[in-house]
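S.K.: Here it is, the structure, as structure tokens.
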Amino acid sequence: MSSPKVGFVSLGRPKALVDSERILTQLRTEGYEVTPEYNDADVVVVNTCGFIDSAKAESLEAIGEAIAENGKVIVTGCMGVEESVIRQVHPSVLAVTGPQQYEEVVRAVHGVAPPRQDHNPYLDLVPPQGVKLTPRHYAYLKISEGCNHRCSFCIIPSMRGDLVSRPVGDVLSEAERLVRAGVKELLVISQDTSAYGVDIKYRSGFWNGRPVKTRMTELCAALSELGVWTRLHYVYPYPHVDEVIGLMADGKVLPYLDIPFQHASPRILRAMKRPAFEDKTLARIKRWREECPDLTLRSTFIVGFPGETEEDFQYLLDWMSEAQLDRVGCFQYSPVEGAPANTLDNPVPDEVKQERWERFMEHQQAISTARLSTRVGREIDVLIDSVDEEGAVGRSSADAPEIDGCVYVDSEQPLKAGDMVRVRVTDSDEYDLWGERIA
């Protein structure tokens, strides 16, 4: 008897990718075969993203493609909270579940394509690390669900709820399994990594027989014992973040912080319902770099937020010149259904949003170009991501996968994905580095 086959598509950010991995791991444990071909599958699961309108449009398009090619489609993920919208566009979907409803997704799959009764999970073992959708040498490590912030442009709390931290022992045990399976880089993710443990008052859990506090600093210290790269994403600049800089300076955690500042104008930050301490943030960035000179700072910003004036925007550009961030993403404000910001006065015209976005990107490109040029001549560690006929492409400690730059490596000896090599940097541009392997 052949195993039932499930087609799967995962949309959205890394946090959604981790949800997809969890669903796929459960299905594989029950004997399902995962196939990339829709027309070869007994059912297709679409894990959607519903954060902004463009993501919703992409999700609806993906659902439509799956229906056209297969006909039997189950929808899950963030957009699942808008079941009426999905069914209005695609009334033939078999089931719709929301984010984090893993068991409901699996039950829906059972209803369409029941698992084999003769499946023996002890003979058809799933890898200890579970099913991963990333390359073998890096993996996302989700430490919590939900968020306690109520930013006016965001609907994540209404979709995913308040912050719920995973037990620290579970997180560290998963990290151990990943490292044993060959992972060389752990990317710590959540909606708010720096708030880890606040919902349970930072109570201690146990890992390898010893207590570990459920708190970002203690988690990072424990992860450093695994001997692989640990990269922190989605960190808010709370005071205790200063403690992690010491771990970075000591080489225990990658000197990389992904902090979603979103803006710099105090007036706009208040409208966004975000902390408006841009002057203190600049002072802290200066202290962080004094303690850890190799620190890389990444952030994302929104331009064209309702009420943003030219003065607010210029304030942001001036702040960027002072902050000298290394890696930056920027988005034009887009209304999100259900977000409080939709009701704010003085929306910014689309042509002004576009013009400000272009000026912002040009401004930051100059900063990025200058900062990367200082790396020429230095020796850095590079984790190889891919190799083809043109050479090897990897990342340094300053580069997260998918969102940051790359290091193009010239090597006389063959390389493969997952190799960690020493490289002397020979050239740079706005986003990337080039170098020669020296060890």
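Cβ atoms are placed via backbone N, Cα and C, with glycine included.
These came from Swiss-Prot, pasted as-is:
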- 4-114: domain 'MTTase N-terminal' (DOMAIN)
- 133-370: domain 'Radical SAM core' (DOMAIN)
- Cys147, Cys151, Cys154: [4Fe-4S] cluster binding site (BINDING)
- 373-439: domain 'TRAM' (DOMAIN)
S.K.: Please compare the binding-site residues Cys147, Cys151, Cys154 by how many other CB atoms fall within 10 Å of each one's CB, and tell me which has the fewest.
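M.R.: Each of the binding-site residues Cys147, Cys151, Cys154 was scored by Cβ atoms within 10 Å; lowest is Cys151.
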S.K.: Within the domain 'MTTase N-terminal' (4-114), how many residues are helix, strand or coil going by DSSP?
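M.R.: Taking the domain 'MTTase N-terminal' (4-114) as a whole: 59 helix, 22 strand, 30 coil.
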S.K.: Quick check on the domain 'TRAM' (373-439): DSSP residue counts for helix, strand, coil, in that order please.
M.R.: 1 helix, 33 strand, 33 coil
S.K.: An 8 Å radius from the center of the Cys147, Cys151, Cys154 Cβ atoms defines the neighbourhood of the [4Fe-4S] cluster site; name the other residues of that chain inside it, in order.
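M.R.: In sequence order, the nearby non-listed residues are His149, Arg150, Phe153, Ile155, Ile156, Pro157, Gln191.
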